[in-house]
Amino acid sequence: MSRTSSESRDIAWLLWSATTPSAAPNFKTALINPDAPRGSTFPPEHKINLVTLWLYKMSDKLELDPLFNKIDELKPQFIERLRQAVAIPSVSSDESLRPKVVAMSEFLVKELKKLGFHDIQSRELGTQPPPVADPNLQLPPIILGRFGNDAKKKTVLVYGHYDVQPALLEDGWNTPPFELTHDKTKDILYGRGSTDDKGPVIGWLNVIEAHNELKWELPVNLVVCFEGMEESGSLGLEELIGREAKQYFNKVDTVCISDNYWLGTSKPVLTYGLRGCNYYQITVNGPGADLHSGIFGGIIAEPMTDLVKVMSQLVDSAGNILVPGVLDMVAPLTDKENALYTDIDFSVEELNAASGSNTALHQKKEDILKHRWRYPSLSLHGIEGAFYGAGAKTVIPAKVIGKFSIRTVPDIDSHKLDQLVFDYVNKKFAELKSPNTLKVELIHDGNYWVSNPFNEAFTAAAKATEHVWNIKPDFTREGGSIPITLTFEQQLKTDVLLLPMGRGDDGAHSINEKLDISNYINGCKTLGGYLHYYGRG
Ligand SMILES: [Zn+2]
């Protein structure tokens with residue numbers, strides 16, 4: 001279904017020329033050859049080709065008006081369903097609220113039953129491993145369900161989470177966080193979980209309700225997987241995906257996750273990449289105990305001096321990683337990828353607003369995005385054991401542990417990166433000729449993820465997004481990680497699509513979390529439209 005760029009350009013010219021009165025004199029020329037000087041003639045076979053393309057373009061758009069009208073009509077019910085979900089304070093990190101997390105899972109099961117899902121399972125995951133206050137604390141279940149089971153249709157697995165971040169009115173909320181509040185002047189819904197991730201989870205259910213009301217058949221088989229521990233490390237999910245890859249999730253063709261956000265506030269995006277993270281620590285050991293600088297200063301080797309010296313050689317102030325060999329592993333930028341950055345809606349002003357400063361290392365949009373998404377970065381995080389309080393304590397710390405991490409990207413080999421870091425840190429320490437000891441180690445790592453934004457799932461999502469929003473989505477990546485994305489891809493051996501519903505300023509994890517009603521309703525249309533474009537593709 002992919003078009004060449006010249007075909008796309010022809011279509012663009014054709015549409016523009018046909019719909020812009022001022023372009024009428026150029027229409028004939030534009031129709032034939034967009035690059036030709038005005039008034040030139042063109043070969044007739046090109047004309048036929050364009051007519052074919054025109055018909056193709058028209059047939060490319062699915063007739064989804066009944067679905068979209070039904071979603072508009074059901075808006076009050078959809079808001080009510082989200083209100084009921086937000087009213088359950090399913091905070092997974094608060095042990096005292098665990099019954100509420102379980103209540104939220106029961107609410108979902110009830111809704112799935114009402115909508116006609118089958119094979120609904122509430123998978124218990126056992127007790128939560130330490131550290132916990134209550135050793136018998138049960139993990140909330142993972143909810144599985146199916147809608148449709150037709151061997152002739154493709155199967156889409158949708159993932160979402162029904163737990164939320166903590167929220168208290170005293171934190172600075174303008175409205176009670178667990179009461180979905182409709183600001184009618186701005187048409188915004190406020191409430192914890194509205195955008196992360198109850199809005200999208202309920203959105204999938206709304207899509208089914210709209211189909212049921214229309215008596216429309218779903219174009220795919222749908223499998224849902226909703227977890228209740230995402231905000232607390234997704235405990236138990238990875239194991240469940242591994243166990244069910246060939247069982248409950250057998251025959252899944254693609255996975256769709258709606259749990260991230262637009263880059264900005266006005267243009268929809270599809271996300272095709274996430275950076276990984278390798279986290280390291282360097283321990284420098286010296287004297288047997290903390291010492292006084294008045295007695296020992298100048299006559300013993302100080303661990304903090306060695307550590308600062310080594311850490312200062314990991315990265316420079318312009319953000320360049322100084323560990324040799326790291327950049328050599330980064331995948332070269334192709335013309336095709338490079339072209340994706342040009343149209344993306346972003347600016348240095350948005351970065352400055354987000355960081356609350358004028359400290360950007362890059363001024364051009366493309367450079368900022370590339371350095372956030374497709375190049376590695378090294379950040380120094382802290383030093384354990386160092387004096388950090390106010391005042392002027394004259395201590396010489398006996399042992400200090402420096403922490404830093406590297407955000408990883410294709411094609412960095414995680415183990416090779418570890419070796420490069422270890423060798424470099426050890427070499428820099430050896431150059432100091434210090435009698436102290438140094439140990440460098442990896443604390444944890446999570447791999448990067450990158451998908452093909454031109455594959456079937458992304459193409460279907462792009463068509464659905466354009467159909468709903470009348471604008472082509474930006475293809476974005478994120479600087480952070482959603483580890484479960486890679487787990488799904490590897491265990492199920494399928495593509496994963498990240499299809500966000502909310503905007504970049506929704507305040508997930510923050511106070512006054514919100515979801516614009518336009519994003520909620522158009523988001524439902526986009527999710528539904530995606531199933532149709534994917535099912536047909
Ligand atoms: Zn989330």
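The backbone N, Cα and C atoms fix where each Cβ goes, glycine too.
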Binding-site annotation, TrEMBL, Mn(2+) 2: partner of D196, D259 in H161, H211, H292: H161
Substrate site partner of D259, H292, T394, R407, H509 (as recorded in TrEMBL), chosen from S232, S434, S481: S481
Listed co-binder of Mn(2+) 1 (same site as D196, H509, source TrEMBL) among E170, E227, E231, E478: E231
D196 (Mn(2+) 2 binding site) versus H509 (Mn(2+) 1 binding site) - Cα distance in angstrom: 8
Maximal Cα-Cα distance (Å) across residues annotated as binding substrate, namely D259, H292, T394, R407, S481, H509: 52
Inter-residue Cα distance where the pair is T394 (substrate binding site) and E230 (active site, proton acceptor), in Å: 44
Distance [Cα-Cα, Å, rounded] between D163 (active site) and E231 (Mn(2+) 1 binding site): 7
Rounded Cα separation (Å) that holds between T394 (substrate binding site) and D259 (Mn(2+) 2 binding site): 48
Proximal but sequence-remote residues of the same chain as E231 (Mn(2+) 1 binding site) (Cβ under 8 Å, at least 6 apart): V91, S92, S93, H161, D163, V164, Q165
